[in-house]
Amino acid sequence: MAERAALEELVKLQGERVRGLKQQKASAELIEEEVAKLLKLKAQLGPDESKQKFVLKTPKDFDIAGNFDPMIPDAECLKIMCEILSSLQIGDFLVKVNDRRILDGMFAICGVSDSKFRTICSSVDKLDKVSWEEVKNEMVGEKGLAPEVADRIGDYVQQHGGVSLVEQLLQDPKLSQNKQALEGLGDLKLLFEYLTLFGIDDKISFDLSLARGLDYYTGVIYEAVLLQTPAQAGEEPLGVGSVAAGGRYDGLVGMFDPKGRKVPCVGLSIGVERIFSIVEQRLEALEEKIRTTETQVLVASAQKKLLEERLKLVSELWDAGIKAELLYKKNPKLLNQLQYCEEAGIPLVAIIGEQELKDGVIKLRSVTSREEVDVRREDLVEEIKRRTGQPLCIC
């Protein structure tokens, strides 16, 4: 009991260290190292037999013994990732794939020791940001790798392509003799067959420089990046890194199984904050307001004591399917109402005044152009729909 309590305390302290590093925005390499230590401690700790046991279950068509096609769920995850990124309309993207077993085999035949695997992984993973010479200098000068070993690594990690590259490496005289690499290449060849059937093979690139260094990955790894386009006037080059990533981690969930069974797992995550950064930057470059509401029109008043009239009009617009709102103050100043529209990105203002009520019209104002026109009250709904692109009513 005392030994378990000591391990639990170490896990707690290491968890606090990881959270602290994330809050301090420490380097990804340092965070990954500390996460690996935390996972190792948790593995040593094992399950608490005194607590209620739970049973890990896998889908019915999966078999713990491995009698299933492992690449179907991987291909499905990549299909889902492509569908999500396409629907977001944030620009052209490319999904880079590799396999942890290929990395292990490649580093082994190149002469990288097990103790240097993680740190060399982190260097190779920078190839999408810096040149090979800079990566090599880091591996040799800072991490003590022999220059000839770095050169052998460079021969591999600067290659990228499709299924043809997989087939080429299957014939590589050295790599094909490594059991792990051969398994990874075989699975990638099968993966590309499924990606072709799913119609997304043109969005996928086999990239040997992709080296997500987290220890829990056991097979296919992938990440999506935006393809750079020439910057428009006033637009800064986008530098947000990957916008989605994932992979296979067959050994992770089993750590929490009392019997230590292997549970096949694959998953992906979308970089929501990074995608927001991209959208915000592009809107700023286009000098467009970021809308914080779906409201199409604000019902405003030009004079005092017109709350009831505003409520009547907003109700008419709601009944017609128009997304409308009004300020809750009884007698808001017109200037404040117009400023609210500008800040929230509401495109139209329907203004009621004493003269408008007498004339049976509503003053419709465009927030961006500040142009105002009088619209007959019975025609207001159709005019708003016309301006906002909604289907018109055919009566």
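The backbone N, Cα and C atoms fix where each Cβ goes, and this holds for glycine too.
Taken straight from TrEMBL:
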BINDING   D63, R212, Y216, Y217  L-histidine binding site
COILED    276-303  coiled coil
DOMAIN    3-59  domain 'WHEP-TRS'
Model confidence over the domain 'WHEP-TRS' (3-59), averaged pLDDT: 79
Among Y216, Y217, the one of these binding-site residues whose Cβ has the fewest neighbouring Cβ atoms within 10 Å: Y216
Number of Cβ atoms other than its own within 10 Å, given for R212 (L-histidine binding site): 19
